[in-house]
Amino acid sequence: MASVVEYKGLKAGYHCGYCASREGKTSCGMWAHSLTVQDYQDLIDRGWRRSGKYLYKPVMNKTCCPQYTIRCRPLQFQPSKSHKKVLKKMLKFLAKGEISKGSCEDEPMDSTMEDAVAGDFALVNKLDIKCDLKTLSSDLKGGIESEEKKKENSLKKEGSKELIHPQAIEEKLGSGEPSHSIKVHIGPKPGKGADLSKPPCRKAKEMRKERKRLKLMQQNSAGAFEGFQAQGQPASLLPKAKSNQPKSLEDLIFESLPENASHKLEVRLVPASFEDPEFKSSFNQSHSLYIKYQVAIHKETPVECGKSEFTRFLVDSPLEAEYPANGPECGYGSFHQQYWLDGKIIAVGVIDILPYCVSSVYLYYDPDYSFLSLGVYSALREIAFTKQLHERASQLSYYYMGFYIHSCPKMRYKGQYRPSDLLCPETYVWVPIEQCLPSLDNSKYCRFNQDPQAVDEGRSKDLNRLRVLHRRSTMPYAVYKNYQEDPSEEEGVLEYANLVGQKCAERMLLFRN
């Protein structure tokens with residue numbers, strides 16, 4: 001099995017849907033007659049994406065809105081506060097039919113500021129506990145001194161009741177031992193002795209210490225535990241800290257519903273192929289939903305959303321299905337994840353399952369259910385799905401979200417699925433998004449790799465080893481040059497080789513007419 005591609009070259013000066021520029025968009029493209037999943041994996045790791053069978057790569061330093069490939073790391077992903085709200089909203093709707101007001105798909109999916117503030121508060125709590133412990137230490141020291149003074153005064157006043165030995169008191173106070181007054185009891189007066197049926201009296205300083213300890217424990221049980229251990233307090237005196245582990249993404253998504261739940265949601269994975277009976281039987285319903293979505297959200301006309309247009313855009317795929325023994329049960333290739341609510345499709349996520357990732361292609365949904373924030377919900381489901389596939393295929397551990405466009409504020413939401421990385425457009429290495437954002441705030445186009453000496457390690461190094469399909473025969477480019485009639489053709493071949501990299505240039509077949 002080999003990939004067969006036809007390079008179309010540079011396309012410049014056309015309309016951009018992100019900034020509305022009429023002539024600002026620039027990209028290179030090629031038509032993929034067929035494509036192995038490994039070749040496509042390597043291509044998207046060099047900044048390529050597909051739309052149907054057409055593959056395109058933005059010319060990053062020339063296009064009006066640079067599009068950076070972004071991937072999320074699902075194995076370390078923790079849903080943010082707003083992600084949890086979306087999941088809880090879905091659960092409430094399924095369980096009780098509750099519809100939240102004020103929710104729409106245009107709202108930001110997440111708030112990085114919100115998460116940062118939450119992190120800061122956690123830090124502040126720790127600092128507060130440290131300050132409280134210092135204060136507590138000084139309070140205890142002062143309390144001991146005041147207790148001693150009170151004891152001395154009370155001893156003087158109680159001379160008629162008890163016989164005090166001042167010399168013994170002085171020795172004890174100077175010895176560093178606990179400050180207990182040395183008393184010689186003559187004996188209680190009749191009827192005034194200790195009541196053994198009641199608990200012994202407690203010192204004021206001990207009561208103050210316990211109140212302070214309980215207060216700290218209420219503020220932050222874990223931090224207080226560490227702090228008091230540092231102060232030398234025995235662990236047995238401390239209340240047991242409750243486990244406060246955050247719920248995982250899977251816990252939030254698959255939380256059990258009551259038997260009398262108002263709605264039933266089912267997610268089905270079907271291959272994007274008319275040869276699959278389940279896909280074929282649901283095609284008309286899926287296409288009708290696509291029309292409804294495109295007309296309402298993207299203001300297209302129904303004519304522009306015909307079956308042929310829909311098929312060319314979201315059904316046709318150059319990816320050849322593969323079922324290796326060490327791969328996921330569903331295999332590799334292109335799929336539709338259908339969201340069935342009470343027997344009808346309300347959303348479809350088009351995805352590619354590749355050797356190292358799940359790549360999101362497109363999502364369309366029923367606008368009547370916008371209140372469920374289906375864009376966010378489906379992304380979270382796809383992240384959880386990636387983790388599920390990882391259990392069977394350990395190398396499959398990333399979720400690719402398409403392009404991140406920092407210069408378009410509406411497209412920044414993808415950066416809020418953390419942790420995530422952006423692809424350096426010059427060296428094709430992955431860089432954590434937190435390191436990239438300061439540079440993107442200053443310039444639309446950025447090289448993320450901070451090493452000035454670093455180069456593209458996967459670049460084309462030997463053009464002669466590039467493979468060509470010519471007259472139904474495969475051959476290296478060194479041989480094809482003997483058939484080449486136009487010398488200027490080599491410039492386009494070299495451009496293609498640099499864009500796809502040496503590995504893909506040697507594996508894929510470049511069709512030459």
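Including glycine, each Cβ sits where the backbone N, Cα and C put it.
Remember, TrEMBL labels are computer predictions, not curated facts.
What TrEMBL records for this protein:
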DOMAIN    14-85  domain 'N-end aminoacyl transferase N-terminal'
REGION    146-165  region 'Disordered'
REGION    172-200  region 'Disordered'
DOMAIN    286-424  domain 'N-end rule aminoacyl transferase C-terminal'
Message = I'm checking region-level scores; what's the whole-number mean pLDDT for the domain 'N-end aminoacyl transferase N-terminal' (14-85)?
response = 96
Message = Based on DSSP, tally up the residues of the domain 'N-end rule aminoacyl transferase C-terminal' (286-424) by helix, strand and coil.
response = 58 helix, 42 strand, 39 coil
Message = Going by DSSP assignments with H, G and I as helix and E and B as strand, what are the residue counts for the domain 'N-end aminoacyl transferase N-terminal' (14-85)?
response = 16 helix, 25 strand, 31 coil
